[in-house]
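Input: a single structure, listed below in structure tokens.
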Amino acid sequence: MKSDIEIAQSVPLKPITEIVKKVGIDADDLELYGNYKAKLSFEKIKSVEDNKPGKLILVTAINPTPAGEGKSTMSIGLADALTKIGKKTMLALREPSLGPVMGIKGGAAGGGYAQVLPMEDINLHFTGDMHAITTAHNALSALIDNHLQQGNELGIDPRRIIWKRVLDLNDRSLRQVIVGLGSPVNGVPREDGFDITVASEVMAILCLATDLKDLKARLANIVIAYRYDKSPVYVRDLKVEGALALILKDAIKPNLVQTIYGTPAFVHGGPFANIAHGCNSVLATSTALRLADYTVTEAGFGADLGAEKFLNIKTPNLPKAPDAVVIVATLRALKMHGGVAKADLTFENTAAVRSGFANLKRHVENIRKFNIPIVVAINEFVTDTKAEIQVLKELCAEIAVPVELASVWAKGADGGIALANAVVKAITEESAAYKRLYADKDSLEEKLKAIVTEIYGGRAVQFGPKAKNQLKQFAQFGWDQLPVCMAKTQYSFSDDPSLLGAPDQFDITIRELVPKTGAGFIVALTGDVMTMPGLPKIPAAMKMDVTEDGTAVGLF
């Protein structure tokens, strides 16, 4: 079987100008980056704002194994299958971060015969959005340090600057650094650190902004530090939101590419779902809804993280809520949740499937709390057995959730036809009546309790000393009206990555709250989640190369 990159490189690409005609986009509406990538103009986005939105399908998953469960691949395959059965369809995905591409993932543009192309470009520098976000973020850091050096008119306490620098790489050695060393001309010495770009609030803002005006307003509202009197300092106090928006003026425009099957795809924005809100840009999703009859999008990691954040943070900023949710499950992940060791996942074990089903069942129950129709997609692997598949289908029938086998990795659009028909049926026969899990007026404690008890199945929320003080402080500043964004391990419902399945009788401990007032949410840090990842012992980068003619090797 060919590798993902071999499959991608074997597909003859069509000019992007031809691909986007399917959804009413003309060549004049595009800003081209070569023949196969483009950004959509503000003029076109504005011209479709009054169009009635089509159907929205959110793809999520059970708690994943370290290898992932093929959610992006399933999203792409489902979109292609919808196209194949005659539906006018668009895809709206996140763009990959170079850190994980070089680290453990090796690529994030789908897989097999369900990929977005050109995959090498998408996985590397693409249209430069990540670099623009990194530059805007670090420009703000430079402006803060310059303000300190030039007299500190705002009275910023250098010990209480909460704006770290960022880099789109996994580099654990930069988590904590000292800046300003050497001499007085090098600035004010202080503690600093680096996060990965996809954890940046600038990334979150870009993905939640509805236009340039909204982008600038959100940038102005970023909290960067506290004064000596402990009052917050905002970007608007530095008067640099215009400069930051200028750096991002092209990055905010959604990127257009194509799938192997020729479905038009927006690939734009890429916040992580374990340390950020995990969804592609509002601008891309909203525009896709107004151009196509069906839009397929995804939210990162399992439904306890990405889907919860999509429904509580992103959906209020969209023209409409999802009409259906697809939960991707794999038998290998269910067996792992059922207690099987990673080395034994290829062996048949129906008992472990039954035991691990508790994880999938809780995700189904959680999405039902939002009143949205659900379809379970079994992402098929060659090691799956008929007996295991039959058991899973029977278990899904017991909780009255439709389930379909999908083999889009191996068969592309053809492998997703049954799933596409099931999703259309769910949308047609059931009506979504979306409701949020909590209200804006609820306190931060109430919002966190709702997520922990209703979504995670936990017993209670515990607050560390720092978080306790921040709850009082944030309420005084009026930030308690914002939604919450949990920073938590993706592998478990709990904050313990080793606690698999559907655990209960556990508490979640919030160690720190981080204000993301520009993005419009409060991040709650749990466990030992890092906002700057490290590289594994054998990084994917060690298998990458480029040939003398410029052909990429080793991406997957």
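Glycine is treated like the rest: Cβ placed from N, Cα and C.
Look at Swiss-Prot and you will find Thr65, Pro66, Ala67, Gly68, Glu69, Gly70, Lys71, Ser72 tagged as ATP binding site, backed by sequence analysis.
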Radius 10 Å, atoms counted are CB only; among the binding-site residues Pro66, Gly68, Gly70, which position scores highest? Gly70
In the structure shown, which of the binding-site residues Thr65, Ser72 has the fewest Cβ neighbours within 10 Å? Thr65
Return one of helix, strand or coil for Lys71 (ATP binding site), based on DSSP. helix
Excluding near sequence neighbours, so keeping only residues 6 or more apart in the same chain, what lies with its CB under 8 A of Lys71 (ATP binding site)? Val59, Thr60, Ala61, Glu298, Gly300, Val328
